[in-house]
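Peer 1: One structure follows; several queries about it will come next.
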Amino acid sequence: MDEKCEDDINSGEDNNSSAFDSNGDSTESAKRLKTERYSSENSNGSSSGGVISSSSNAEDETENSTSAPQESTATASTSQGCLLRVCLPKTRVYRRYVEEDSPASAEVDSNDVMEESDHDGGPSTDIDTTCSTEIHDADVESDHEEHPVLKKPKPKHSWFMIPEFVNRQIGFSAKTQSSILFQRRCYGSLHCVQRLELMYKLDKHEGCVNSLNFHPNGELLASGSDDLKVVIWDWKYGIPLLTFETKHRGNVFQSKFLPLSGDLHIATCARDGQVRLAQVSTQEGVRSSRKLGSHKSACHKLAIINSQPHVILSAGEDGEVLLHDVRNCKPEHLLTVSSDFRPMALYSINSHPLSSYEFCVSGRDHIVRTYDQRKCGSEAVPLNSYFPKKLQAKSDDFIGLHVTCALYNHNGSEILASYNDEDIYTFDVNGTPGSYVRQFQGHRNGATIKGVNYFGPKSEFIVSGSDCGNLYIWEKNSEAIVNWMLADDSGVVNCLEPHPQLPFLCTSGLDFDVKVWVPSCESDPLMSGLSDTIKSNTKARTSYITGDLNDSHMLWILWRHLRTTSRINRSNVRGGELFSGLENTNSSSDSASSSDVVDSDGDSDEFNSSAGCTTS
């Protein structure tokens, strides 16, 4: 070993002298000699395979020095020779790389500055390149990861049109082949939903269309708009039959037909908080229009009770629920919904389809509440409360998670709720608080107070608009998207109104028209671009929650400060006026009594002079 080390030293000195005698760069020659020395040590079995760190080499040196003193002396002499050839720094900044299978991989080194001996080689530069490439690949894979809603199993067809026609022609199973049953099966089939396409647009309004409602017999359609008008359509031909002024002073949010006999009775509500009733005729126009009641703030939704056609329920941003009977002059106050001991703004109200006295409300929190008309009052308690337990933490944020729309299904066994910047959920009316049945994803509900609805005679499908301007249709049992269409050129779809008997759908949004969708397409939807749109909606929702959090928080704090300051100023003004009035009254009486006191006691002149000045 000593002879070998001496030969290595001599050869190193010869090479060193030749390197310095040559005209080449001394640094490059030193690096080459150091690399040869490092490779010769590896060939003798001193290092293991894989990626080697400088710390492992230092440990090997320590073991060799303790076991073989002679080798340590030779190594020291060799390192001294290397110092003549190479002048490398004692420390080097690099990232430590260790094999995953090695025991050293379990150790975590917090320092990036690693001590290395003179004969250790520097870390390979292509390791950094490989690592950076792997990180980039991971980022790309996360960007192209498929959304969970696209992984849902696609529903299968359970109804086919041609066999239905054949069975009707040959009279097979005549009891189940009636026209009404055939119509219902067709309405609730996947075939009709996937063949929906835009038939035509109803263009008459001069503002955004905020409300759509079919007449109970399905012959007429009423639409309300920001232009403060209501248009009654013969939707089958696309003809406006009547346009009338509602006499509201703000945007019309809701217009509904009342199931009354005789002329058409249309109830409306608007941003001004009023609830009005118009009695119209398509031939003679408006016969009468009157105000049924009014909220202190905007009124967004109305509810019609099927068994009580003369009763209308309204919910406003003042938190109040009013019952309007068209036979009476004044509304009845049912209850005030409160949250955190103050009235909560309500955005939606819907009546139970089978129970005449039950209704549900939703508003500026994450809870959907149900009430009974017979148990309402100043201290009314909800029959039940529904919300996803996982969203309860989000509702505590200042942003305020809230429900923009909630309604019952066809038989009242489920409640459908759409959350702002969240998903759509269905709740079992007999379920426990915090539980939900299904969740529907892919759209975005953030820009407006967006609606949601069922589609089908037995609520087989879910339809909703989105901030991306598209219409989404989910199959309820599988939670899969079965159709997806562009439904608003301006970018937001707010209202969705299915026909009461036929597989037709009307939608509206920021555009000034109403779109009618019918199942006349000859092929199944391609839904190209759905994945990119869902990804864009998800990123927009995330950026709104995380990116705009600080700005929204500052605006919220500023608004609360201004509101509190305004209240304090008003209370101070009212208190000052009241105090001055009381002071004037007291001072006038005190002045009369003080005059007597002054006559009898001259020491009280200074005290009574202030009262006299206040009185004057």
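Cβ from N, Cα, C; glycine included.
What TrEMBL says about a protein is an automatic prediction, not a curated fact.
So TrEMBL lists the following for this protein:
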type	residues	note
COMPBIAS	1-11	compositional bias 'Acidic residues'
REGION	1-79	region 'Disordered'
COMPBIAS	12-27	compositional bias 'Polar residues'
COMPBIAS	28-39	compositional bias 'Basic and acidic residues'
COMPBIAS	40-57	compositional bias 'Low complexity'
COMPBIAS	64-79	compositional bias 'Polar residues'
REGION	100-129	region 'Disordered'
COMPBIAS	109-118	compositional bias 'Acidic residues'
REPEAT	202-234	repeat 'WD'
REGION	581-616	region 'Disordered'
COMPBIAS	587-597	compositional bias 'Low complexity'
COMPBIAS	607-616	compositional bias 'Polar residues'
Peer 1: Cβ under 8 Å to the repeat 'WD' (202-234), counting only same-chain residues 6 or more beyond its ends: which ones?
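Peer 2: For the repeat 'WD' (202-234), the list is 240-246, 248-257, 259, 264, 266, 268, 270, 278, 280, 282, 494-497, 499-502, 506-516.
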Peer 1: Please list, for the repeat 'WD' (202-234), how many residues fall into helix, strand and coil according to DSSP.
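Peer 2: Each residue of the repeat 'WD' (202-234) counted once, the result is 0 helix, 19 strand, 14 coil.
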Peer 1: Across the repeat 'WD' (202-234), what does the mean pLDDT come to, as a whole number?
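Peer 2: Within the repeat 'WD' (202-234), the model's average pLDDT equals 97.
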